[in-house]
Amino acid sequence: MDVASIPRFIRNALDRPGSVGIGAFQRVAAQAGAREDRFRDLAELPRPTLDDLADFCAIAREAARRTIDMRPFDVQLVGALALLSGHVAEMATGEGKTLSGAIAAAGHALRGKRVHVISVNDYLARRDAEWMGPFYEALGVSVGWVGQSSTPEERREAYARDVTYASVSEAGFDVLRDRMATSAADLIVPEPSVAVIDEADSVLVDEARVPLVLAGAADPGADAPEAAELVRRLSKGYHYELDEQGRNVFLTTKGTDAVEKALGGINLYESPDELTRINLALHAHALLTRDVDYLVRDGRVQLISQSRGRVATLQRWPDGLQAAVEAKEALPASETGEILDSITVQGLIRRYPEICGMTGTAVAVEEQLREFYGLKVAVIPPNRPCVRVDEPDRVYGTVTDKERALVDEIAKVHEAGRPVLVGTLDVSESERLAEGLRAEGLSCVVLNAKNDAEEAAIIAEAGARGAITVSTQMAGRGTDIRLGEGVAELGGLYVIGAGRHPSSRLDDQLRGRAGRQGDPGGSVFLVSLEDDLIAQHAAGEALPPADQDGVVRHKRAGWIVGHAQRVAEGANLEIHRNTWRYTRLLELQRGQVLEQRDKVLHGESAADALARARPERWKELTESAGEKVLGEAARQIVLYHLDRCWTEYLGFMSDVREGIHLRALGHRLRPLDEFHREAVAAYRRLEDEVARRSVETFENAVITEDGLDPLGTGLARPTSTWTYMVQENPFGDAFDRVLRRLGSTGGGRRRSGEEE
Ligand code: ADP
């Protein structure tokens, strides 16, 4: 039945609550099609307005055809219109989201908005900006990109364009660094306006609670080796235990006794510094595994980013955990730092008044997109129907049986020359598999610890005849896999998942690498009942037995796997909600501090305040140093204390969060309420403290006609700063554990970072 012939009220009822109908967009795309000829023969395309969307689409289509040799399909226009209306467009892999996103970004820009296209990584930011460049130019829209190695000047220039492409981390780091500017001329990022987010679910949901951090240099943690040595002597199950999900580790009473004794009879729970140190060492010892969570190369710890499954170059954990892991590996401690400021990805994105995005897997997170961002999903049909064959999971009793089956299956498929792409869950699995294949005389390419550009080039070849590519989840994301000569006749690309992911979206993203644009293709997942997913999230379930050959044919097998995945998804959502509950207030306060900071930076509010507080001194200094110099000195004094007090506030609140559960338990209070009460009170103190310290400094400051002497006045800022992304937060451990004991789910986490 034709969709248009269904009465509207039934169509509305068929729509999922979080989804938007696309009928109106389809009609505009059809109108644009009818006007195609009108623009085909024009020597010069008019600059479109957004008053007539069909005209805009027709002109954009013609511009893309002329400049980048792609005539946008109707579904791409429909996707772009959904983005222009502020939705998340669900479009499958290979449908051409890059072009849809560019049409939408151009549309937003032509409405007079400044647009940031948030891409998955630096490589794609640059590739997409350069690829789409001529298209933008034809529409009179300027475009730029930012990458990790861009200089401040290049960044400022890129952000001055109508459309700027940047990865979420670069965009966030620029916002954080701006936060430390001591002169308005040093600012880099303009006011946020529109964000067009590529791989929207991964940014908005999976990475939402990840903090982006700006840190400044301080002393290295000298005590870490001692703590590492101490925890190395503790035994699992006796001195410490892991929770059922293996995310948290905690000392037992026996363990606490042993540690207290080793530390000279202290009371651990009355020595917060010692407790933190021991917890960090224990976390590094019991939860972080070499070659899974990090590699040791050239005497340095290199993190493996879990969501990307590759070495995150230049990344580090923040202070404590980094030192703990270095001590565990008996490496010298690298420089550590103090957190000057931080913002979560969710907080970063919510700064944009308008948000939209595209991804292959949005419907599964419709609820979160609505809850956290007020976004709705528009499901865009494929240009050509998908004919990929997705086989049911094959379940094995043990990892050994699964891995053997994996090698056999790859060998069988490869025999005919059909290309195989294997998705593994972590680096060590990739390496084991590559070894297994080699033993069978099969050569493969392994992607996991390479840079994005290299990965992209390799993954692009994964559809060639006879190719075997082994890759962790995100390797080469955003790169097209085209089928080689004669591969379609062999059935197209065959994707094998070496285990189901903690979210069905990740499974779907892996599957989606085959069968793009109506290509033939196939997918299957091999799962073992010993996989982490099952062990952690279906722990209480009775597991069906395997047959002689190691295969589990029992009909419960499939259910268990799906069940474990749903439990994992639920746990992740709970962690997301929980983190947001705790960070929301801090981010509101951060916004207020920044508003104040802006006034100091751009105006005379510092001078006014100090002149009012100490009129005598002000008068005296005006005479000796001059009004202009004095105004600038006042600005520097207040900025310094504002930043300093905020840093201290963040540190204080992180301690509060860590200890809150104990206090809340003692007083039968809800931890969150208690946390909020503390935050509100401490924030009020912060405001008073900034004023008090600023006046105090002003009274003693060395100010001459040459200006303020910052060192003489004791206002030294950190000599070096760096930024990183925290993957997960280990400091919540004790806290989350109690939460879980109280019946809610919390989460343990891990940090990783990026250093400059
Ligand atoms: P996605 O991000 O949706 O997976 P991409 O934007 O990477 O897809 O595009 C996939 C491929 O399809 C690219 O190689 C691109 O050149 C091609 N493509 C996209 N749109 C068109 C079009 N309208 N006509 C021809 N090729 C297109």
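Yeah, the Cβs are placed from backbone N, Cα and C, and that goes for glycine too.
The domain 'SecA family profile' annotation in TrEMBL covers 1-554. Summarising the annotation, TrEMBL assigns ATP binding site to Q76, G94, E95, G96, K97, T98, D480. Per TrEMBL, domain 'Helicase ATP-binding' is recorded for 78-237. Under the heading domain 'Helicase C-terminal', TrEMBL lists 405-558.
This view paints the features noted in TrEMBL onto the structure.
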residue	record	Cβ contacts under 8 Å, 6 or more apart
Q76	ATP binding site	E95, G96, L99, S100, I103, N383
G94	ATP binding site	D480, G512, R516, Q517, D519
K97	ATP binding site	G79, A89, M91, D198, M358, T359, G360
T98	ATP binding site	D128, W131, M132, D198
DSSP three-state assignment (helix, strand or coil) for E95 (ATP binding site): coil
Listed in sequence order, residues not in Q76, G94, E95, G96, K97, T98, D480 with Cβ within 8 Å of the centre of the ATP site Cβ atoms: M91, T93, L99, S100
D480 (ATP binding site) - helix vs strand vs coil (DSSP): coil
Helix, strand or coil at Q76 (ATP binding site) [DSSP, three-state]: helix
Maximum Cα-Cα separation (Å), residues Q76, G94, E95, G96, K97, T98, D480 listed as binding ATP: 16
Confidence summary (mean pLDDT) of the domain 'Helicase C-terminal' (405-558): 90
Cβ packing number for D480 (ATP binding site), 10 Å threshold: 16
E95, G96 as binding-site residues, winner by CB count within 10 A: E95
